[in-house]
Amino acid sequence: MTEPTASHAPNTTGTVQRLREDLIHPDPLLDCLVEVCKLHGQAASRASLSAGLPLDSENGGKLTLELAERAAARAGMSAKLQRVALERIDSAVLPAILVLKDNQACVLLGWDAADASPRARVLMPETGQGSVLLTSEELAQRYAGITLFVRPHFRFDSRTPDVRKPAARHWFWSAILGQRFVYRDVLWAALLVNIFALAFPMFSMNVYDRVVPNNAVETLWALSIGVLLILASDLFMRLLRSHFVDEASARIDVQISSTLMEKVLGIRLEHRPESVGSFASNLRGFEQVRDFIASSTVTALIDLPFALLFVIVMAWISPWLTLPVIVAFLVILVMGYVLQHRLHQLSETTYRASALRNATLIESLTAIETIKSQGAEGVIQAKWERTNEFLSKINVKTRALTSGANYTTNTLSQLVTVSMILIGVYLIGQKELTMGALIAANMLSARALAPAGQIVGLLMQYQGARTALDSLNKIMDKPVERPQGETFVQRPQLRGDIEFRNVKFSYPNRLDAALEGLSFKITAGERVALIGRVGSGKSTIQRLIMGLYQPTDGQVLLDGIDLRQLDPADVRRNCAHVAQDVTLFYGTLRENIAFGQPYADDSAIVAAAETAGMTDFVNRHPRGFDMTVGERGESLSGGQRQSVGIARAVLHNAPILLLDEPTSAMDFTSEAQITARMTNFVAHKTVVLVTHRTSMLAMVTRVIVIDGGKIVADGPRDRIMEALASGRIARAA
């Protein structure tokens, strides 16, 4: 096993050695994108461009070509991958990123034509030496044939009046519009399929009217061969249409689901929903939207307008035979219009009740141990059964409504057939219609009414999708931490100065204030403890430092810069946090320690675990770091979960360390060992420690006493603790 890297290994000497990430973990494509953004005057850093992207750990957490366009969008840039020959790259589109062989990349700045043989001026970010000149032959040998063209979005400034504010791209309809060329081909295929559908009625009419009376066998075979060819073409076009729709639906599904998840992860915490289960149920509503744009539904919707084609052909055969079809069609449309409002009400009620049921389920599964220990199974069971009973009644009403409408539609179709036969018999008697024409008209009527017969089912699906889409729109309208088009100050490396200026803060849906006019300053490298009563606002201060919440009033500054100006990705890259309740995720212990650190190697993980005091229970386990950690870390004790949280912070090795009751679930021996190790590790780091354990105060040199969201004492550790012990300061811990 290799030695720990300087960026991740715990510091036992008291000197911070946090090397540049681009030097120890090269990511050529990402580094080139950062340089191109800078060349265009757009502030960008590694963290800001890659924040929230699904980087593949198997690829070393490096930016891939598939994610390059999304990364560029985070800096307000548009990017497009294109396979193009080197000599065909126009100088007007430079700088551009060239993808090289062996997973390398460079920035093409321009061509130097001073010599007889033009040379390319390129930027190799990993060299750190600025631009270099390469001959066109040298560059062509290394060029992989793919170029990423990156340009900034054009923006109007405040001097230009808004004559007409451009509509923002809708997250759903823009995805549909992106597949417009596929749906164009689907429409052409649908047109051919519906034209082919005329073949069999025409074949039947000609056979009964011309072939049978005249025993024209040659004509019969000619017509049969023609129909067989059309049927084969019809089958091919149906399969092709279904393939196109499925492909478009799959692409839309991937794009929209990625957009939704990105929105959920980027939402500001003050706007997050109160119920996780209800929120998850609303997100699952996307499945209803996805099902609505699936193959069968889209096909039915596309076929609906073509019903007019069959009615026109019926009118050509006999206008009188179209009357029953037109009347039935109008009745079905009126019935659908009348049912639409009621179906919408039932759909909304079903959606809300399903969300409540899912919220109850998630809450119960999360707190199953508490429910059992408190003997509250009956309370939860009653709530579950009440919700299910209400939901079942709504479902019965919905099914009754749709079943009645479907039965009515089927009956109308049968009445149309009977009516056409009655009218046809009279027309045949008057020599105005032939037997073959009547049979063909019946076939056409069935084809014309088939899409109309699906109207009720389509309406039901539409109302469910509409309700789900409305709910998803509310989620997509919520504010996010990194709004599109907003430019942040890029500070990949922070010193660690923290300042609160008259900060006031209240949590959402709370009338009382968590912080009231709080002001203090912590210099880089200072180690400070926040102590106070439960609920006095200590943890809130740490959340504000990380930018998880924004102050209601006042300012939070890092290195003298208002936190709202800094990119959230840069802020959290420079803040390591150990929460009071450490949350673990299903997977191995190694994966949980390296959570959020895709570059971490085994040596760094082991070193971080040693600092966090994990070696005892890890070494005893037969699988060691590969042991499985259950959801929320339920297979580990509270103290073990906290040690994993500490190991994460050590691995992060950020200049600012936020510790919120990091040893509250540990025994005194483990706490003493971790305190001793952490004292060396935190040297020269800015530390904000929240604790009720006086033994942990050995790590700090300054204590701030918080009470009721206000500072009641601030000074050197020994002096403040002596004042608390003697009663000169009202006891806050």
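The backbone N, Cα and C atoms fix where each Cβ goes, and this holds for glycine too.
Marked as domain 'Peptidase C39' by TrEMBL: 20-150.
As annotated by TrEMBL, domain 'ABC transmembrane type-1' applies to 189-464.
Computed over the domain 'ABC transporter' (498-733), the whole-number mean pLDDT of the model equals 88. Look at TrEMBL and you will find 498-733 tagged as domain 'ABC transporter'.
The transmembrane segment annotation in TrEMBL covers 186-208 (among others).
Taken from TrEMBL, the feature transmembrane segment applies to 220-240 (among others).
As annotated by TrEMBL, transmembrane segment applies to 292-314 (among others).
If you look up TrEMBL, you'll see 320-339 (among others) marked as transmembrane segment. Only residues 6 or more beyond the boundaries of the transmembrane segment (320-339), in the same chain, are considered here, and those with a CB under 8 A from a CB of the stretch are 307, 311, 314, 401, 405, 408-409, 412-413, 415-416, 419-420, 423-424, 427, 433, 438, 441, 445, 448-449, 452-453, 455-456, 459.
Per TrEMBL, the feature transmembrane segment maps to 407-429 (among others).
Among the listed stretches 186-208, 220-240, 407-429, the one sharing the most Cβ pairs under 8 Å with the transmembrane segment (292-314) is 186-208. When Cβ distances are compared across the two stretches, the transmembrane segment (220-240) makes contact with the transmembrane segment (186-208), since 3 or more pairs at least 6 residues apart fall below 8 angstroms. Only residues 6 or more beyond the boundaries of the transmembrane segment (186-208), in the same chain, are considered here, and those with a CB under 8 A from a CB of the stretch are 219-220, 223-224, 226-227, 230-231, 233-234, 237-238, 240-241, 244-245, 248, 298-299, 302-303, 306, 309-310, 313, 317, 434-437, 439-441, 443-444, 447.
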